[in-house]
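A.B. asks: Mind having a look at this structure? Questions to follow.
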Amino acid sequence: MGLVGNKENGNGEVGLSGIHLGSKNKYRRMDSELTDDGGFDEASLQKQQQEERRRTTRKYVFACAVFASLNSVLLGYDVGVMSGAILFIHEDLKITEVQEEVLIGCLSVVSLFGSLAGGKTADAIGRKWTMGLAAIIFQTGAAIMTLAPSFEILMVGRLLAGVGIGFGVTIAPVYIAEISPTISRGSLTAFPEIFINIGILLGYVSNYAFSGLPSHTSWRIMLAVGILPSVFIGFALCIIPESPRWLVMQNRVEEAKTVLWKTNENDAEVEERLAEILSAAGTTNGEKYEDKAVWRELLSPSPALRRMLVTGIGIQCFQQVTGIDATVYYSPTILKEAGLVGNSKLLGATVAVGITKTVFILVAIVLIDKVGRKPLLYVSTIGMTVCLFTLGITLSWLKGGPFGIDLAVLSVCGNVAFFSVGIGPICWVLTSEIFPLRLRAQAAALGAVGNRVCSGLVAMSFLSVARAITMGRTFFVFSAVSAVSVAFVYACVPETKGKSLEQMDLLFQSEQVWEGSRAERELGDVEQLVQK
């Protein structure tokens, strides 16, 4: 509490508490800012009100990001729980190795249909209700899987769950990016990746908790637990607002302004953002947004849009072709190959993998808006390359001994840690922020399609490829692909930290700005735009 001198006037002063200060007291509280007539200074009151609004806004946006990310728990839980449940499904339903690969990998492949439909649906009914539709479809699939008496029925539930996941993973990052202030958009848009990791960890814990039950019962309970998040998702949809950018496209400008007032810290910023959105939507005076041939524009892109598509789809594909789903889905199989034996030990080790993946995503959340997207991508892809190469060495020449087992566990944990620090969350951040408003939902859906196709191919082929060329050599291949991803980040991914969504076009207008070798120019451009 600061004190400042006050000129003595010979008259007694009364403090805020009503205690007489006396004529000798030459000090008063700076935060009181009393005027001559005993009232509060207007500037001080405005400052307090502004600070209160800032705190309220940050809490509100944070809550919206959390609620919008709940769908991602479903995807993460499915990935985590299936890695252990498949052991018991294999025993109970007597499925073959090929059926095992199809069961695991088909979810990613089928989810591409949900992703394709998700972009169009989000433009039609809104971002918010598309997330609700995703939850309903997924939960229906999860219920069918829980009760499945045969492999065929299990596949029906799996396919429905995949469609629901396709909807959810596409729209949640877009929604969060569209409601978030520029300064915190990166960390908030990465929230779905946090919840994916939380879901994976919960899946691993569920595997470990129910592994002692009979095989006919254990995997059903494991899958049934995944139905529970629907309760929270239903509650979330009653609280979160619709995206202000979608509202503008629907000519609901006043509603959009209301949402912007809740998600921005001052009135001047609200007016500035609204003007940018109106301009980006193709209208500056509130006329009805006209639906253009979005797919025609995506299929015949301008040079700037082509660069956006290369960056967005490319980073989504590299996220998966580096083998993260193989590492997560088949972590018990990988560690068993390294020499670890016993279901309890295997599932316990996968819990450690899940904890590592969850902890390091928090590191990304803290750093993404401070150091930027590109530095974290470099750390991530280089670190993954090293860990995957080490895992290849371990599985080729060191497996079986205590050192080889420990090194395999460390390499798997290191791989998921570096993945979570960078390319895991950042690929979703980039694809939700780089595209123009009129194309954003459907262009982001294309990126998600690339992600899901690559995920499915890796998940469905991993065991077959490992059997054909050995598991160690398979991870050498993943390591080589990861090394290529480092070059892709350098050449094709610009730094987007500090730019509003409406300023992204400037990044891709010039090839010189797009090239990774122009890092200093990118940084200067960002600083210049922030100053504006």
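Cβ from N, Cα, C; glycine included.
I grabbed these lines from TrEMBL:
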type     : residues : note
DOMAIN   : 64-497   : domain 'Major facilitator superfamily (MFS) profile'
TRANSMEM : 60-90    : transmembrane segment
TRANSMEM : 131-149  : transmembrane segment
TRANSMEM : 155-176  : transmembrane segment
TRANSMEM : 188-209  : transmembrane segment
TRANSMEM : 221-240  : transmembrane segment
TRANSMEM : 346-368  : transmembrane segment
TRANSMEM : 375-395  : transmembrane segment
TRANSMEM : 407-431  : transmembrane segment
TRANSMEM : 443-469  : transmembrane segment
TRANSMEM : 475-493  : transmembrane segment
A.B. asks: For the transmembrane segment (375-395), find every same-chain residue at least 6 residues outside the stretch whose CB is under 8 Å from a CB in it, and list them.
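C.D. replies: For the transmembrane segment (375-395), the nonlocal Cβ contacts are 318, 322-323, 334, 337-338, 364, 367-368, 404, 407-408, 411-412, 414-415, 417-419, 421-424, 426, 470-476, 478-479, 482-483, 485-486, 489-490, 493.
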A.B. asks: Residues sitting near the transmembrane segment (155-176): Cβ under 8 Å, six or more positions beyond its termini, same chain?
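C.D. replies: Same-chain residues near the transmembrane segment (155-176) but 6 or more away: 64-65, 68-69, 71-72, 74-75, 78, 102-103, 106-119, 121-122, 127-128, 130-131, 133-146, 148, 185, 188-189, 191-192, 243, 428-429, 431-432, 440-441, 444-445, 448, 451-452.
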A.B. asks: Hey, which of 60-90, 131-149, 346-368, 407-431, 475-493 has the most Cβ-Cβ pairs under 8 Å against the transmembrane segment (221-240)?
C.D. replies: 60-90
A.B. asks: Quick one: find which recorded stretch in 60-90, 131-149, 407-431, 475-493 has the most Cβ pairs under 8 Å with the transmembrane segment (188-209).
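C.D. replies: The stretch I would name here is 60-90.
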A.B. asks: Determine which residues of the chain contact the transmembrane segment (475-493) at the Cβ level, with the cut-off under 8 Å and only residues 6 or more beyond its ends counted.
C.D. replies: 307, 310-311, 314-315, 318, 321-323, 326, 373-374, 377-378, 381-382, 384-385, 388-389, 391-392, 395-396, 423, 430, 469, 514-517
A.B. asks: If you average the pLDDT over the domain 'Major facilitator superfamily (MFS) profile' (64-497), what number do you get?
C.D. replies: 85
